[in-house]
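Annotated features in TrEMBL:
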DOMAIN    24-507  domain 'Major facilitator superfamily (MFS) profile'
TRANSMEM  21-42  transmembrane segment
TRANSMEM  62-81  transmembrane segment
TRANSMEM  93-111  transmembrane segment
TRANSMEM  117-137  transmembrane segment
TRANSMEM  149-171  transmembrane segment
TRANSMEM  177-200  transmembrane segment
TRANSMEM  325-347  transmembrane segment
TRANSMEM  359-378  transmembrane segment
TRANSMEM  390-407  transmembrane segment
TRANSMEM  413-431  transmembrane segment
TRANSMEM  443-463  transmembrane segment
TRANSMEM  483-505  transmembrane segment
Amino acid sequence: MRSPSFQKCLGPNVYPEVPEGGWGWTVAAAFFVVEICTYGILKSLGVFLQDLMEEFGESNNRVSWVISICAFIFTVTAPLSTFLSNRFGHRPVVMMGGFLISLGTITSAFSTSINEMYITIGLVSGLGYCLSFLPTVTLLAQYFSKRRALVTSIASSGESFALFAFAPALTALKEHIGWRYCLVLLGIFQASVIGCGLLLRPIIIKADSEKEASETDKEHVSLKQLEAVYELENEQTITSVSSGASKDSEDSGITSLYASDVDLRAAEEGAMIKLAVEDKEGQEPSLSTVSTPVKEGELLELQAGSLQPSRPQLLDFSVLKDGAFIWYSCFGLFATLGFFAPQLYIIELSKSRGIEPSMASYMLSVMAVAEIFGRLSIGVVLNKVSCRKTLVLLACVVLLSLVLVAFTIVWEFWGLVVCCILYGYFLGTVASTHIPMLAEEDVVGVQKMASCVGVYVFIQSFAGLAGPPLGGVLVDVTHNYGAAFYSCAAGMGVGAICLAMVGPAKSGTCQRQSKEREEEAKMSEDNEQLDFLEVDFTQGNSPAGQIVDPEEASVI
């Protein structure tokens with residue numbers, strides 16, 4: 001009795017077109033909370049950096065591996081997250097991710113060594129982050145089209161709100177209850193991701209024009225069927241006349257033609273279904289399939305196969321042949337170097353330059369507030385610009401790399417504040433758009449996004465693994481926290497070069513595909529002419545193609 005209402009509330013949403021809202025706003029709210037519990041808390045863990053070093057007697061490099069392993073697992077398991085989402089749906093995957101996040105954070109509070117935190121936060125929570133974040137942002141992109149960039153930017157600001165609230169709150173709270181109980185509270189809060197997973201209703205776009213399109217396709221296929229059947233009858237008649245003449249039959253092949261009625265009807269029906277299936281799949285119908293008799297079992301299989309909807313591709317590794325995607329993935333790989341290290345080391349950098357610890361913790365909050373404005377403004381800009389959106393993203397990446405360089409030369413309090421504001425702003429513009437940008441036609445398009453986003457994030461994972469430890473090594477060698485920002489600036493600069501190559505690569509790919517389509521069309525026209533000549537003239541060499549006596553022809 002309750003099953004229909006349950007399916008109505010939590011089942012898939014069917015729309016005639018992309019709704020630009022509807023249940024998508026609920027998905028956006030769920031993504032806001034997921035952002036808080038994933039990226040927001042992950043970047044806030046820099047508050048505990050000094051506490052972990054003192055507790056376990058470890059160096060910056062060793063402690064930073066906790067964040068590094070978590071970020072690596074977060075991204076390297078992206079293909080697994082994509083596969084599971086396409087196989088089982090977004091809802092169960094996100095709910096499982098929420099459970100793993102909470103489990104890993106709570107158990108890390110009882111760790112007795114830094115190696116145990118590599119497992120609890122690094123492996124367990126990192127896997128949960130990926131299973132929660134990636135399906136949510138993918139589903140959100142499917143609920144919007146024109147306002148996709150704006151809505152994604154607003155929803156992703158949850159990460160910035162988390163940094164703004166958690167950095168000073170955790171700094172003050174750990175003085176009263178300690179860092180271990182702070183992690184327990186964070187783990188309990190992260191369990192809210194399980195509830196967010198329940199809200200992720202899948203979306204199905206079923207346009208009203210599909211009926212008209214299907215009728216048009218049927219008419220198009222029927223013309224091909226008539227042509228094929230005519231060719232079949234012509235071929236069967238010639239064959240029957242030939243066989244009748246060779247056997248000295250008195251009916252000149254008429255009996256043979258009627259006797260083959262059953263086979264002819266089966267062949268016609270099989271040919272019609274075969275043509276329909278080929279036309280639906282976008283293949284060029286071939287007359288070679290027409291003359292092949294179809295058995296009853298094969299006919300049923302063809303009928304059943306033509307009625308079954310094609311399943312979506314679970315993972316699309318064919319995008320690795322796309323030059324634009326390759327360059328865009330290289331951009332994500334190098335730019336990720338600047339996503340985690342600044343938040344991890346900004347507090348210690350401020351302390352090393354004479355700023356009080358209580359004031360240094362507010363640097364993360366300054367970044368977070370600026371990041372909110374960056375995320376909101378880039379959504380508005382991308383919603384209105386008429387140029388390629390990758391060019392807007394490129395400008396933000398170039399400016400972000402310059403700000404990272406400025407961190408290494410500024411020593412005053414207000415200078416660091418200005419750098420934090422600029423870094424937070426431009427980080428918000430890049431971080432909120434680099435994954436949804438895959439849905440743009442400049443890169444791969446919305447149709448391929450669901451299956452290739454896992455490949456893209458997987459490529460990013462290696463920079464997430466190397467970024468924080470690389471910064472920690474530079475700090476341990478130079479004894480200067482500003483050195484950690486050199487690797488960030490270098491990676492962001494290389495990422496800008498790769499992003500600049502996306503446009504030329506996409507143009508080259510489009511021109512190559514256009515040329516291939518023209519060549520295929522030309523070849524198909526030549527094949528049609530050859531098939532026509534074969535049907536009309538090549539039978540002349542066979543007995544059936546010889547000239548028949550007019551008296552015998554009159555009998556026919």
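Every residue gets a Cβ built from N, Cα and C, even glycine.
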Below 8 angstroms Cβ to Cβ, which residues of this chain, lying six or more residues outside the transmembrane segment (21-42), approach it?
13, 15, 67, 70-71, 74, 94, 98, 101, 105, 129, 132-133, 136-137, 139-140, 143-144, 151-152, 154-163, 166, 186, 189-190, 192-193, 196-197, 199-201, 203, 340, 431
Between 62-81, 149-171, 325-347, 483-505, who has the most Cβ pairs under 8 Å to the transmembrane segment (390-407)?
483-505
With CB pairs under 8 Å as the measure, which of the listed stretches 177-200, 325-347, 359-378, 413-431, 443-463 comes out on top against the transmembrane segment (483-505)?
325-347
I need to check the long-range neighbours of the transmembrane segment (325-347): which residues 6 or more away from its ends have a CB within less than 8 Å of a CB in the stretch?
42-47, 49, 64, 67-68, 71, 75, 163, 319, 357, 360-361, 363-364, 367, 390, 397, 400-401, 404, 407, 420, 423, 427, 430-431, 434, 437-438, 443-444, 452, 455-457, 459-460, 462-464, 466-468, 470-471, 475, 481, 484-485, 487-492, 494-496, 498-499, 501-502, 505
Six or more residues beyond either end and a Cβ under 8 Å away: which residues meet both conditions relative to the transmembrane segment (413-431)?
39, 153, 156-157, 159-160, 335, 338-339, 342, 346, 349-350, 353, 355, 359, 363, 366-375, 377-378, 393, 396-397, 399-400, 403-404, 406-407
Please indicate, using numbers and ranges, the residues of the same chain that are 6 or more beyond the transmembrane segment (177-200) and have a C-beta under 8 Å from a C-beta there.
10, 26-27, 29-31, 33-34, 37-38, 41, 48, 51-52, 55, 90-95, 97-99, 101-106, 108-110, 128, 132, 135-136, 139, 170
Long-range environment of the transmembrane segment (62-81) - Cβ separation under 8 angstroms, sequence gap at least 6:
38, 42, 45-46, 49, 52-53, 56, 93, 97, 114, 117-118, 121-123, 125-127, 129-131, 133-135, 315, 336, 340, 344, 453-458, 460-462, 464-469, 471-472
Give the mean pLDDT for the domain 'Major facilitator superfamily (MFS) profile' (24-507) on the 0 to 100 scale.
76
